[in-house]
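Sequence annotations record features per position, and here Swiss-Prot assigns Zn(2+) binding site to Cys336, His387, His513 based on sequence analysis. The domain 'TGS' feature in Swiss-Prot is assigned to 1-62. Taken from Swiss-Prot, the feature region 'Catalytic' covers 243-536, and the record attributes it to sequence analysis.
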Amino acid sequence: MVEIILPDGSSRSYDQETLTCGQIAASIGKGLAKAAIAGVVNGQKVDLDAPVPHGAQVAIITEDSPEGLEIIRHSASHLMAQAVKTLFPQAQVTIGPAIENGFYYDFDYERPFTPDDLTAIENCMRKLAKRNEKVERRVMPRDEAVAYFQAMGELYKAEIIGAIPAGEDVSLYSQGEFTDLCRGPHVPSTGKLKAFKVMKAGGAYWRGDSRNKMLQRIYGTAWATEADLKAYLTQMEEAEKRDHRRIGKDLDLFSVQEDAGGGLVFWHPRGSRIRRVIEDFWKDRHVEAGYEFLYTPHIANRQLWNTSGHTDFYSDSMFSPMEVDEQAYQIRPMNCPFHILIYKDRRHSYRELPFRWGELGTVYRYEMSGALHGLFRVRGFTQDDAHIFCTEQQIEEEIQRILDLTLDILRTYGFSDFEINLSTRPEKSVGSAAIWDKATEALRRAIVSRDLSYVVDEGGGAFYGPKIDVKITDSIGRKWQCSTVQLDFNLPERFDMGYIGEDGESHRPIMIHRALMGSLERFFGILVEHYAGWFPMWLAPVQAVVCSITDAQHAYAETVLAALKKAGLRVEIDLRNEKVGYKIREHTLKRVPYLLVVGDKEREEGTVNVRLRSGKSLGSLPIQDVVERLVEEAASRALSASEDQEEA
């Protein structure tokens, strides 16, 4: 007799000596049995055929759940490795994890894989999946596993296993003639893998170290159903059209100059105009929210990074030290220690708290060249950083204020679908259980008080405090992590921060880190792709272009330009000797919201013929009316003109 407890608290008894998750799923219903791909026994993910002990708490993982998708993708990486070994027996397998929306596997092979190779690999995967080969787990002593893979010529696998402590067992998974090292769990058979596609190939260094050999990495995606796969591929096609790197070049917004080094962004005049609008809006909102602004250095003595702990815990992401006056200095990867030094510059009373200090601070972090990607992964970027120093009693109110400010700013940019995660105390942490519980509850209450739904990430907090993450959803359904609100019990301790409390004693302040956009560069890239470059008028680098029809209107066109510029609008003029239709098409492709055409009729009447980039004509309007219209639209931060409902 085996009795188990289900997630809803109910129990089930089975009159048999051994029991598996697969049998439990089948006993509950045919639908669950069909959708099941793994189980959770006493909090541990296991294969469907793993034995379930008496009294265990059991849950079934289905293919459409986040956990199920991760297992499908990991199993698909094994299927791809099996296909590669079938087609290219000399290739050595290395590692192949599941990643967001897919998977990859790295191979040591004599040449890069071609597009034809990738097609052949995918076709082979489909044949292997149709065989519906059983996926079997076995456990082997470490030394025996090393010898096993060495005998097969899989030296990378042998190296990985060799790093495991002696005397430990390792688990292997086999399907057909293919065997791989893996913790699992995996799908019960290859037939469970129905919706997948090989996407692309590239290079990757072994263990991510440029001193090691370059391997061949193949990426793929896998989903529970063909419909989900099709929807994802459609989304990826749309994302390719919206690629911020291409649009950034087309609209002359920014560049990455390899002569200066990878991952370093150069903002061109038009991109700088948008950045200035973003920065000014950010500052205005923060002034309204009671923040003060700081300006701090870009480098600091290495001793500061020793005190903050960055030298011990973050050195791999920091650039190498430079020597100044026989002392080591390093460029900053974060702004936090600088704000703390300003706090410590004098003593503080509880009456002064909270301090809300913000800085658009540029930081520098080392990234492998292969990881760099447009504005999304760079080596130098500007954080919309702020730190709040407050008392324990002020935490909840400050978090509420931060959430209000965050959502207000994100909504203004056109984002309205949010996913909020609350990450709690991990196994290893600093600070007492009492302060963790109190702070976590304050974060939870702040979220609930704003009628926001959220997901708890148990144990997912940093070692120094709980946090809130806010993800936004863009116009094609992709989710982006942007905003983070992080409590910190560590740095106030390391820097011996304090304030005099109402009782006359010294107390530690609570430190709250928060970035609402994350970094200006990455957020700008998200905006470019969200709007596909069709920015709302208030964000557009060029809000209007004045186009003359012939030379006879040049002087009048300049008058119109001057009136618009005087009103603070971002306007350009096109006096080229080209047909007006050509000019309109060109500036429409440049996504300019307003095209202002002036001919003899407009010059004589003191008007402007107004066209929207959607193709709609508003007819001829007096100059002052046009100025007022554009100023009002820009000031309102409308996401589209009332007559211009073209979607990005």
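In case you wondered, yes, glycine gets a Cβ from its N, Cα and C as well.
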Per-residue pLDDT averaged over the region 'Catalytic' (243-536) comes to what?
94
Local backbone state of Cys336 (Zn(2+) binding site), from DSSP in three classes:
helix
Intrachain C-beta neighbours of Cys336 (Zn(2+) binding site), sequence separation six or more, cut-off 8 angstroms
Ser308, Asp385, His387, Asp488, Leu491, Met511, His513
Quick one: which residues besides Cys336, His387, His513 have a Cβ within 8 Å of the Zn(2+) site's Cβ centroid, in sequence order?
Met334, Asn335, His339, Ile340, Asp385, Ala386, Gln486, Asp488, Leu491, Met511, Ile512, Arg514
DSSP says what for the domain 'TGS' (1-62): how many helix, strand, coil residues?
14 helix, 25 strand, 23 coil
Once the chains shown are all counted, how many other Cβ atoms turn up within 10 Å of the Cβ of His387 (Zn(2+) binding site)?
24
Other C-beta atoms within 10 angstroms of the C-beta of His513 (Zn(2+) binding site) total 23
